[in-house]
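Visitor: Please see the structure below; I have some questions.
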Amino acid sequence: MTELDKRHRSSIYDSMVKSPNRAMLRATGMTDKDFETSIVGVISTWAENTPCNIHLHDFGKLAKEGVKSAGAWPVQFGTITVADGIAMGTPGMRFSLTSRDIIADSIEAAMSGHNVDAFVAIGGCDKNMPGSMIAIANMDIPAIFAYGGTIAPGNLDGKDIDLVSVFEGIGKWNHGDMTAEDVKRLECNACPGPGGCGGMYTANTMATAIEVLGMSLPGSSSHPAESADKKEDIEAAGRAVVKMLELGLKPSDILTREAFEDAITVTMALGGSTNATLHLLAIAHAANVDLSLEDFNTIQERVPHLADLKPSGQYVFQDLYEVGGVPAVMKYLLANGFLHGDRITCTGKTVAENLADFADLTPGQKVIMPLENPKRADGPLIILNGNLAPDGAVAKVSGVKVRRHVGPAKVFDSEEDAIQAVLTDEIVDGDVVVVRFVGPKGGPGMPEMLSLSSMIVGKGQGDKVALLTDGRFSGGTYGLVVGHIAPEAQDGGPIAYLRTGDIVTVDQDTKEISMAVSEEELEKRKAETTLPPLYSRGVLGKYAHIVSSASRGAVTDFWNMDKSGKK
């Protein structure tokens, strides 16, 4: 930590020549006394379009109260969100990952443009979390991320359901196992109120990872959206960020290599989303921390999967909260040598000091399995390599009984075409469905394939049909799925030259993803193939021309590798 004036940025408004600036600020309510205090931004991704974010404006008010009670001047801002569950399976899904970097850039622009001394970022939907963290890492001023909390499970006929239940219901309906009225009942009961999607999906995965990194208050990631604990932790975030100012504590003090190792460790233990690979790489890049896909495999080999959480398990994230939450899991892992307990966090305390204040996992609970009898002996997120993905691909194998799948490819250049093939029963057991030209550049925006994967699972083919793509998968996806194939088709990766009927192998034990196509044949196909032009209009056009490979986090500022002098 370094000495940091509590008004290290807002003091720019003190001089006589800044009288016009102060005149504008007085119109917002500031007085002479307020100009003597720190200015703290509170920025949220509030929007009325999704349960993930609908409550965040009110949470922003709570964070402001926390800032004010700590003696600083709070200012509330807003930025965008794209709701994955609403965009899923539509052209809007191309804007989901794109929004991550728009969120990051807009937070940086708003906070830097108004010379705040510190800020709290509040998010709810999937890309809100990494977008906020990229901005926090790039700006490197005192900041805390506060999660809007997980949604409560829906209930139908005495059973817990969630949004993924509805997606899978479509496959069951198409297969004749569910009526349209049954699906409607799922639809009307799956989402009972505000909060991020309820399983160990991307929102909860990233909120957890940020808490483990040390950039959210201990315990906050597992507090349900409608709980009293959540309201308390949001207000506490406002107080805590002022304390960070007083301590001179910055994100660069917290976001160390060890912090990212711990975030990956807990992600593996809880069975987190494949999107964690993409987002942690991007956050590490912004934080100037050297992190690669191979680091995920290294940690995957030594960390068991312990959580019986959806999508592959039976419990939702609120159930984890009720048996001790993320701190209890971290405490268990720390006691068994899996975490770095001596690193600093946003509280000014170490990980071990924070966890000492929390209880252990509730005795007799069933959500987290013991280390001696885990759900899986190693981690469920695996990085695959081979001639189909020379730069890597990501598979989530929790709940997948098939360890090796060899079958003929059925190749599609869009998710829509693949969905149509599933609905018309063109996909048979043993097939390898391949959706390409949907990567970061090709999509553009690397859309998720939850609609497609859920239909395959709903039709009873989840363990019988493999699904491969250079796009992404929702955290709600499970089954024989491999995403993030790199290089992507749009960049001329081998997946661009795969043809229907080619034999594809996916092996989780050897971490292989390959196609039975010779180098000579591959070169011949390259000569015969013309790749489509990059998208060229609007925000997607900008994104397609600057985004990096998924194997590097799909970031949009890779031209400055060392980023020296950037901050």
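Our numbering is plain: 1 for the first residue shown, then up by one each step along the chain.
Glycine is treated like the rest: Cβ placed from N, Cα and C.
The feature [2Fe-2S] cluster binding site is assigned by Swiss-Prot to C52, C125, C197. Positions annotated as Mg(2+) binding site by Swiss-Prot: D84, D126, K127, E448. Residues annotated as N6-carboxylysine in Swiss-Prot, with sequence analysis given as evidence: K127. Annotation source Swiss-Prot lists active site, proton acceptor at S474.
Show me how these features fit into the shown structure, please.
Guide: Listed in sequence order, T45, T50, C52, N53, T81, V82, A83, D84, G196, A203 are the same-chain residues at least 6 apart in sequence whose CB falls under 8 Å from the CB of C125 ([2Fe-2S] cluster binding site).
A sphere of 10 angstroms centred on the C-beta of K127 (Mg(2+) binding site) encloses 29 other C-beta atoms. For the recorded site, K127 (Mg(2+) binding site), the DSSP three-state label reads coil.
If you draw a 10 Å sphere around the CB of S474 (active site, proton acceptor), it holds 30 other CB atoms from the protein chains shown. In the three-state DSSP reading, S474 (active site, proton acceptor) counts as coil.
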Visitor: CA-CA, which of the binding-site residues D126, K127, C197, E448 lies nearest S474 (active site, proton acceptor)?
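Guide: When the Cα distances are compared, E448 comes out closest.
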Visitor: Expressed to the nearest Å, what is the distance separating C197 ([2Fe-2S] cluster binding site) and K127 (Mg(2+) binding site) at their Cα atoms?
Guide: 13
Visitor: Any idea what DSSP makes of C197 ([2Fe-2S] cluster binding site), helix, strand or coil?
Guide: coil
Visitor: Quick one: what's DSSP say for C52 ([2Fe-2S] cluster binding site), helix, strand or coil?
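Guide: The residue in question, C52 ([2Fe-2S] cluster binding site), is coil (DSSP, three-state).
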